[in-house]
Amino acid sequence: MLKCNQQCCIIITSYPLSQIIFIILGDVMVPCLCCDQCELYFLLFQGVYSLLDHRLANLFIQSSGSTLFQKRTVKELLWGYKDPMLGSTLGVFYPYNDTIDGPYTVFTGKDDINKVATIERWAGEPSLSYWNDTYCNKINGTDGSSFHPFLNKKEPLYFFSSDICRSISAEYKGTVDLKGIDVYRYMLPPEALASPVENPDNQCYCTNPVLTRNCTTAGLLDLTACKGTPVFLSLPHFLYGSNDLHQGVIGLNPNFDEHSIALDVEPITGFTLRFAKRLQVNMLYGPSDNFVSYLLVGLVLFASCLIGSIVVCTKPSNSKLSLIVK
């Protein structure tokens, strides 16, 4: 959890064609402004509740003079700062700097054009090992950057994302014009994050019956087994989430067009010309008799941050593609 002098919105341009938008959430979610320094919820605390003995953690934190909230610059928050208690570097993107995702082994489509770009192996493995079920561990579809040619509007698109440790699908929602090219817009359906009661296929993703009210809560994905910390992923503003997720949070305004995952795909070639990935990272906290920093009643999910990445094909590339498809 984080509080800012002003609500923060930091845009990082890592490549000319890609933007990463990182929105820091306070207790009240309002239109975001910009600030140079934020008062943030101590990153180390975000794994303490579920992973460490509370008495031991409380002793270390008090002896180091650490507090529940710390003032850090945007650069420190994103790319790392030296923690006074651990003496090591903490940061949202710090562990992933200079890293790669993969490698991916994909089909060329030589024997079956419908398998173009479909993933055969990721990181050398044909399936995942995070979930206690063959279905949930299946690597299904492409990486989202392209699909097979000659798309059918009635067929969903499947893609795998290592960020969310699973494969997921998107459904056709309409045809739009993107820089002069007609593209099919696909968006994440509510069924993708529905509770197992509504979508039995999601039963194997329910690993915390207590938090999910015996697997009846919609809109959450428990990544504890995948990330090694009590991280719960959702769409921004708990889009598609159950009503109990919205209780106690002021200013939530889920919007399908702004907060869902969307892909604009050219239907003849199968190339993705625009990909908008929007995710909300939530951490689990609860009451503790031995940890004075947690003065909470019952289990609580805190929204730590919103992460949105939008990749759009450049105008010159669009011009070349338009000559092919028209």
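A Cβ is built for glycine as well, from the same backbone N, Cα and C atoms used for every other residue.
TrEMBL has this to say about the protein:
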DISULFID  Cys136-Cys204  disulfide bond
DISULFID  Cys165-Cys226  disulfide bond
DISULFID  Cys206-Cys215  disulfide bond
TRANSMEM  291-313  transmembrane segment
Secondary structure of Cys226 (disulfide bond) (DSSP, helix/strand/coil): helix
Proximal residue to Cys206 (disulfide bond) among disulfide-bonded residues Cys136, Cys165, Cys226 (C-alpha distance): Cys136
Under 8 Å by Cβ from Cys165 (disulfide bond), counting only residues of that chain that are 6 or more apart: Leu128, Tyr130, Leu221, Leu223, Cys226, Lys227
Position of peak Cβ density within 10 Å, selected from the disulfide-bonded residues Cys204, Cys206, Cys215: Cys206
Sequence-distant neighbours of Cys136 (disulfide bond) in its chain (C-beta under 8 A, six or more apart): Leu128, Tyr130, Arg166, Cys204, Tyr205
Cys204 (disulfide bond): secondary structure state under DSSP, collapsed to three categories: helix
All-chain count of other Cβ atoms within 10 Å of Cys226 (disulfide bond): 20
